[in-house]
Amino acid sequence: MSAIESVLVENRVFPPSEATIKAARISGMPAYEALCKEAERDFEGFWARLARENLQWTRPFTKTLDESNAPFYKWFEDGELNASANCLDRHIGTPVENKTAIVFESDDGQVSRVTYKELLARVGQFANALKAQGIRKGDRVIIYMPMGVEGVVAMQACARIGATHSVVFGGFSAKSIHERVIDAGAVAVVTANYQLRGGKEMGLKAIVDEALAMGGCDSVKTVFVYMRTPTACNMVAGRDKTFDEVLKGQPTECKPEPVGAEHPLFILYTSGSTGKPKGVQHSTGGYLLWSKLTMDWTFDLKPQDLFWCTADIGWITGHSYVAYGPLAAGATQLIFEGIPTYPHSGRFWQMIEKHKVSIFYTAPTAIRSLIKAAETDAKVHPKNWDLTSLRILGTVGEPINPEAWMWYYRNVGGERCPIVDTFWQTETGGHVITPLPGATPLVPGSCTLPLPGIMAAIVDEAGHDIPNGSGGMLVIKRPWPSMIRTIWGDPERFRKSYFPEEMGGRIYLAGDGAVRDAKTGYFRITGRIDDVLNVSGHRLGTMEIESALVSKTDLVAEAAVVGRPDDLTGEAVCAFVVLKRPRPTGEEAKKIANELRNWVAKEIGPIAKPKDIRFGENLPKTRSGKIMRRLLRSIAKGEKITQDVTTLENPAILDQLSETN
Ligand code: WT7
């Protein structure tokens with residue numbers, strides 16, 4: 001694409017076709033605007049109506065929103081419901097009961113199916129197994145599972161008995177599990193012996209064993225082990241039990257436990273500005289309403305759709321758009337165990353053709369890497385497969401560059417499918433700013449407009465509105481049902497992180513910079529404004545990586561981590577390190593850099609490995625001793641230094657820190 005074309009790209013507008021508008025649930029901009037007006041006119045009435053229409057309540061709520069203890073907002077508080085009943089039981093006795101709920105494709109291409117009725121039975125049976133091990137309403141259960149039906153069953157079974165789950169992504173380290181077990185006070189861990197990815201068998205249970213051996217995990221009484229492969233794994237007598245063992249003799253029927261709407265459905269840990277991940281606590285009622293509602297709004301779900309969200313259940317996307325939303329909406333969804341590049345980089349396109357996927361939702365990073373693969377090997381280009389089943393495409397997790405958007409639109413969507421660029425966060429529970437496929441004219445690289453009832457705005461540090469066309473901080477001025485309720489065990493951190501005093505303490509601060517188009521008011525996200533990085537759509541804290549590096553006490557004296565733009569992964573991790581020994585160069589520097597990368601992988605997970613590691617005799621600091629991060633960001637990007645560096649004690653280190661290893 002020429003430079004001129006790529007500049008023009010941002011001004012291109014792709015309105016939905018007349019046919020798409022006509023067939024859509026939210027049909028055209030006037031329908032979207034009417035919903036926005038309804039929310040403005042009668043905010044509580046709007047949400048109450050949707051909560052009654054979209055969820056089944058065992059006890060109806062009488063009060064919609066309680067703001068008396070803001071920012072600890074409460075929604076539908078005196079109502080009672082069960083999340084699993086709202087995903088499964090609600091379909092029994094309807095035509096959905098015999099519909100396929102999940103099409104599962106394994107790493108090696110084997111396909112299996114479960115209907116809603118069968119899924120309900122499996123969830124009921126596992127719920128009974130949890131109860132038989134003494135797990136009760138309010139208990140916390142860690143889930144460390146591969147992608148598959150069993151992971152969803154485990155989540156749904158917890159929800160069924162009112163236990164709060166906390167899923168840990170299968171790529172996270174033993175130390176991460178250990179931290180989460182302790183922070184959540186978990187009573188059980190659900191895991192598998194191995195996971196299969198890219199033809200390789202990778203241990204999960206061994207990592208759980210290592211985590212639980214780190215001490216302080218006495219709260220964990222049971223480890224449930226799903227035998228994904230025939231390979232044996234270590235089993236601790238009295239503590240560890242295979243799925244077969246615990247399911248044996250358990251009835252498939254299990255009455256769902258009604259819980260209050262505010263009951264914590266799950267805790268999901270995510271990175272923040274400090275070294276310690278935050279346990280984002282979500283509710284049952286408001287959260288579930290959102291995942292169901294956005295299936296209808298954002299994905300315009302129809303009964304005949306085949307929905308495929310490629311996210312892992314270890315991330316919020318896999319919670320809202322794999323484990324809960326599609327089931328609550330009665331969709332048939334595809335779950336994939338493997339990776340997009342195995343056995344070849346056309347796997348996604350091949351699977352879309354094979355299963356006739358109609359709604360496809362993935363991350364810009366995946367698209368960018370598949371573009372690269374298709375450009376180097378024509379055999380894996382999407383044109384080799386019949387993708388005409390597709391009708392809606394989506395992206396999530398990071399900004400999508402207009403070039404990648406155009407490629408996706410043309411080569412995957414055949415210039416026929418709207419792309420919903422969904423902006424949201426672990427904390428928002430579901431989409432908050434996104435196009436609607438049958439209404440919003442699309443602009444590549446823009447997440448366009450807030451959903452009805454989401455009072456998104458761009459403000460300055462004091463919370464004052466910034467006019468369209470200028471950049472500022474993204475906020476949401478009114479609460480919404482699926483918002484984070486607190487940080488597990490740390491309400492003060494919740495308040496401080498998201499509801500700054502300077503803005504009045506009631507407005508949600510997203511942590512992203514954004515700008516609205518002067519004419520259309522469309523939002524464009526410009527990236528995080530805090531010490532959080534987004535690498536391949538994965539969220540990482542710079543402080544977390546710094547703590548991991550300095551915990552290598554025999555080697556590292558000091559470390560500073562910043563992000564720099566990367567064509568493939570969006571952002572890349574760049575670490576500046578001072579060693580406890582003379583500054584290494586050449587081969588030695590490469591060797592130590594690799595050692596440190598592996599160390600970070602072991603401490604946090606492979607996704608946190610720094611791409612660049614640079615060594616200096618010290619780090620650039622201000623007179624008061626603060627690390628000059630802005631300067632480091634410039635160095636990481638290879639920019640010319642324009643900052644004032646006259647205060648630096650040792651200006652020579654700037655050259656040292658520019659050398660990559
Ligand atoms: C951060 C949240 C949302 C689920 C997966 C990530 C970035 C997310 C977009 C988008 C631009 C985006 C933001 C946000 N982000 N979606 N469509 N356009 N940026 O959830 O791990 O909590 O990360 O991801 O920076 O704050 P998360």
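Each Cβ is built from the backbone N, Cα and C atoms, and glycine gets one as well.
Unlike curated records, TrEMBL annotations are generated automatically.
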Residue in Arg391, Arg506, Arg528 which TrEMBL records at the ATP site where Gly397, Glu398, Pro399, Asp421, Thr422, Phe423, Trp424, Gln425, Thr426, Asp512, Arg539 also bind: Arg528
Mean per-residue pLDDT computed across the domain 'AMP-dependent synthetase/ligase' (98-480): 97
Cα distance (Å, whole number) from Lys200 (CoA binding site) to Pro399 (ATP binding site): 31
Between Val556 (Mg(2+) binding site) and Thr422 (ATP binding site): CA-CA distance (Å): 40
Summary of DSSP states over the domain 'Acetyl-coenzyme A synthetase N-terminal' (32-87), given as helix, strand and coil counts: 27 helix, 7 strand, 22 coil
Gly397 (ATP binding site) and Lys200 (CoA binding site), Cα-Cα, nearest whole angstrom: 27
Entries of Gly198, Lys200, Arg528, Ser536, Lys626 (recorded positions) sitting next to ligand 1, with Cβ under 6 Å as the cut-off: Arg528
Length of the line joining the Cα atoms of Trp424 (ATP binding site) and Gly198 (CoA binding site), in Å: 29
